[in-house]
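Notes follow the structure.
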Amino acid sequence: MEVISTNTNGSTIFKNGAIPMNGYQNGTSKHQNGHQNGTSEHRNGHQNGISEHQNGHKNGTSEHQNGHQNGTSEQQNGTISHDNGNELQLLGSSNSIKPGWFSEFSALWPGEAFSLKVEKLLFQGKSDYQDVMLFESATYGKVLTLDGAIQHTENGGFPYTEMIVHLPLGSIPNPKKVLIIGGGIGFTLFEMLRYPSIEKIDIVEIDDVVVDVSRKFFPYLAANFNDPRVTLVLGDGAAFVKAAQAGYYDAIIVDSSDPIGPAKDLFERPFFEAVAKALRPGGVVCTQAESIWLHMHIIKQIIANCRQVFKGSVNYAWTTVPTYPTGVIGYMLCSTEGPEVDFKNPINPIDKETTQVKSKLAPLKFYNFDIHKAAFILPSFARSMIES
């Protein structure tokens with residue numbers, strides 16, 4: 001493994017009950033413009049709820065400012081309460097619901113929230129780019145949040161990860177060179193290593209704290225960073241793509257945050273143009289693309305941008321993820337001009353033999369040939385809007 005660092009180490013705030021990572025000092029950090037690009041399994045950029053941990057002797061509150069009614073982010077900090085009564089402050093979050101629960105709020109899904117019971121807080125800190133927290137939940141194992149938004153759950157996030165990898169890579173023959181924008185925890189890399197044809201994987205993660213959390217709490221994932229085919233780059237994902245050699249990659253996977261605030265650029269035409277340039281003829285890209293239940297206006301704009309850039313094919317797929325808003329998430333799958341790519345009919349499906357014998361990984365939990373094909377079948381309301 002080669003590790004290339006293009007950003008500075010983040011400083012981290014630790015309060016009572018948090019578990020500090022080695023090498024970080026107490027202090028504050030400032031958000032930089034690079035936050036929008038190359039984050040790990042991201043859905044951040046929200047006004048997020050945060051819980052209070054366990055029996056919480058001191059209930060933390062958050063006072064909503066008047067701007068909250070207009071979707072602005074003027075909110076007070078939320079807290080987590082611990083059994084010993086100490087409070088752990090999570091900066092930039094909105095109010096919690098009750099002791100022992102993590103709750104996520106966002107202007108992207110107004111009028112609703114998602115909550116998980118917290119068994120144990122494992123880590124909380126602030127990097128140069130975001131608040132990072134990891135806790136053990138009662139239902140889904142370890143839960144990673146960034147800026148108070150759930151990014152991945154150990155026992156419930158596999159549909160998202162398997163689909164964002166196998167929908168594109170299962171649609172092209174023998175992928176060899178792949179780029180992951182984000183992926184600092186390692187779930188996406190874990191799935192990608194199922195393909196014996198792969199010779200090189202570049203991972204661009206902007207936040208070194210996310211990588212450190214992986215090494216400490218997900219060692220079975222972080223071990224894959226040591227694979228000789230893997231280069232881990234700590235830096236800006238959009239800048240990396242822009243500077244990439246033309247026609248170099250067979251596939252690019254974009255694990256981005258939601259297309260609001262600083263992450264908006266990752267869903268607009270200039271970024272997609274850079275991605276298309278970095279792909280070979282007939283190369284493919286897959287990026288997360290929100291929920292059909294809440295974000296059709298966003299999805300239509302993403303599709304319009306992709307249709308202007310990608311001259312091969314442009315497709316929308318979706319799947320179920322229990323810990324994401326509305327329980328579903330979508331994907332944009334596009335190909336550059338060149339050899340035809342039919343995303344709806346995979347030609348390189350991962351089968352049982354490839355998964356368990358050649359790659360020596362555990363069987364897939366969600367993805368299969370039928371799920372791949374079904375992901376492109378949309379409800380009537382979504383199909384009419386997307387195809388219009």
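Any Cβ shown, glycine's included, is placed from N, Cα and C.
What Swiss-Prot records for Asp255 is active site, proton acceptor. Asp255 (active site, proton acceptor) falls within neither a helix nor a strand when secondary structure is assigned with DSSP, and so counts as coil.
Swiss-Prot lists Gln130, Glu205, Asp236, Gly237, Tyr324 with the feature S-adenosyl-L-methionine binding site, giving sequence analysis as the kind of evidence.
If you look up Swiss-Prot, you'll see 1-14 (among others) marked as compositional bias 'Polar residues'.
Residues or ranges marked as compositional bias 'Polar residues' by Swiss-Prot: 23-39 (among others).
Taken from Swiss-Prot, the feature compositional bias 'Polar residues' covers 46-88 (among others).
The domain 'PABS' annotation in Swiss-Prot covers 99-336, and the record cites sequence analysis as its basis. Mean model confidence of the domain 'PABS' (99-336) amounts to 93 (pLDDT, 0 to 100 scale).
The region 'Disordered' annotation in Swiss-Prot covers 1-88.
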>> Considering each pair of residues in Gln130, Glu205, Asp236, Gly237, Tyr324, all listed as binding S-adenosyl-L-methionine, report the largest CA to CA distance in Å, no decimals.
In response: 25
> Roughly how many angstrom lie between the C-alpha atoms of Glu205 (S-adenosyl-L-methionine binding site) and Asp255 (active site, proton acceptor)?
Replying inline: 10
> What is the Cβ neighbour count of Gly237 (S-adenosyl-L-methionine binding site) at a 10 Å cut-off, with all protein chains included?
Replying inline: 28
> Which one of these binding-site residues has the most other Cβ atoms within 10 Å of its own Cβ: Glu205, Asp236?
Replying inline: Glu205
>> Between Tyr324 (S-adenosyl-L-methionine binding site) and Asp255 (active site, proton acceptor), how many Å separate their Cα atoms?
In response: 14
> What kind of secondary structure is Glu205 (S-adenosyl-L-methionine binding site) part of, going by DSSP in three states?
Replying inline: strand
